[in-house]
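Feature annotations, courtesy of Swiss-Prot:
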type    : residues               : note
BINDING : ASP13, ASP339, HIS340  : Mn(2+) 1 binding site
BINDING : ASP298, HIS303, HIS351 : Mn(2+) 2 binding site
Amino acid sequence: MSKFNRIHLVVLDSVGIGAAPDADKFFNAGVADTDSDTLGHISETAGLAVPNMAKIGLGHIPRPVPLKTVPAEADPTGYVTKLEEVSLGKDTMTGHWEIMGLNITEPFDTFWDGFPEEIIQKIEAFSGRKVIREANKPYSGTKVIDDFGPRQMETGELIVYTSADPVLQIAAHEEVIPVEELYRICEYARSITLERPALLGRIIARPYIGEPGSFTRTANRRDYAVSPFQDTVLNKLADAGISTYAVGKINDIFNGSGITNDMGHNKSNSHGIDTLIKTLQLPAFTKGLSFTNLVDFDASFGHRRDPEGYRDCLHEFDRRLPEIIANMKDDDLLLITADHGNDPTYAGTDHTREYIPLLAYSASCTGAGVIPQGHFADISATIAENFGVDTAMIGTSFLADLV
């Protein structure tokens, strides 16, 4: 008999809560991540009013300095803590895979100086299109289309770029390079980056529209991941006949492995919340896990180093949190967390090595408060214990703390 019939895991992509102990080993533009603090710096510099997350207990998460504008509520309704990453990476895939119980000890390859000429030439030969060499380096996804979009519109060349993550991204104007053609090229790029010297976590198709000076990336993004190297708790659940529902890019991150129901990509955070609520309302969803990723925090504001936009995005989620809770059953459990940091006030443009917050709420819990600090994989270990399946590689359940 499960303690909770349904568990809903919501990842607020990049919403870190302070530098991790090993942040000195991770860098942004040559600056160690040691002073990164996504939530803390947003609260400090832009102001942060998230009363619904505060009510669950966000302000109670232990920190060297309390969140400036998020109070520690006198009577929180949920359990909270912060979790540390053990894997050797700070990218989306590593974070999500570890949350589901894997320890990534050999990181994927990153290309600070751009991809080898061998890879670029193979993409050119397959696609019949030239690649803009000047874009072949770590680049902000919005800046790269601002810088090279006009040229692409004139020449039809491909914009191939990377980031601090182990990813190869191809940006293409939808009126110049049709989306289906872009997808085919990305599928090929995936096939040639499955082993070293270019072992990549993801290939990302990045379609955009508009005119020079006002380009906009569209919702037709598509991720081509590799399957996890070992079974995650998602696989354990699916193998036991327990439903797993993926909302947003979760299906892409796990390459469909262990996902029994893909609810589709999100056009925005708000659309993703709508999809999550529809998932909660499904008559067939009586037992199992829903797993949601809301990416706008990261993609639209973290990488762009926009603390005010990031703040507003957090406000939007917080305003809609009561809707999510209202569609839960009394014996449901809501887990809100993140996958890494992306401090919008920090140096560089890439992720930051941080603790992630964990908020746990269920109407069936009569207690509340701070539970012991743990690690990312403790989330999947808790889910596994609840549903009576084995854990994956790592993780310690905190199910007994939720009373």
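Heads up, residue numbers simply count up from 1 along the chain you see.
Cβ coordinates come from backbone N, Cα and C, glycine included.
Structural mapping of features recorded in Swiss-Prot.
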residue : record                : Cβ within 10 Å
ASP13   : Mn(2+) 1 binding site : 23
ASP298  : Mn(2+) 2 binding site : 27
HIS303  : Mn(2+) 2 binding site : 21
ASP339  : Mn(2+) 1 binding site : 29
HIS340  : Mn(2+) 1 binding site : 32
HIS351  : Mn(2+) 2 binding site : 32
Distance [Cα-Cα, Å, rounded] between HIS351 (Mn(2+) 2 binding site) and ASP13 (Mn(2+) 1 binding site): 10
Residues close to Mn(2+) 1 site centre defined by ASP13, ASP339, HIS340, Cβ within 8 Å: VAL11, LEU12, SER14, VAL15, GLY16, THR92, GLY95, HIS96, ASP298, ALA338, GLY341, ASN342, HIS351, ILE356
Where HIS351 (Mn(2+) 2 binding site) sits in the secondary structure, as DSSP reduces it to three classes: coil
Residues flanking the Mn(2+) 2 site, with Cβ no more than 8 Å from the Cβ centroid of ASP298, HIS303, HIS351 and excluding those residues themselves: ASP13, SER14, ALA299, GLY302, HIS340, ASN342, THR349, ASP350
Inter-residue Cα distance where the pair is ASP298 (Mn(2+) 2 binding site) and HIS340 (Mn(2+) 1 binding site), in Å: 10
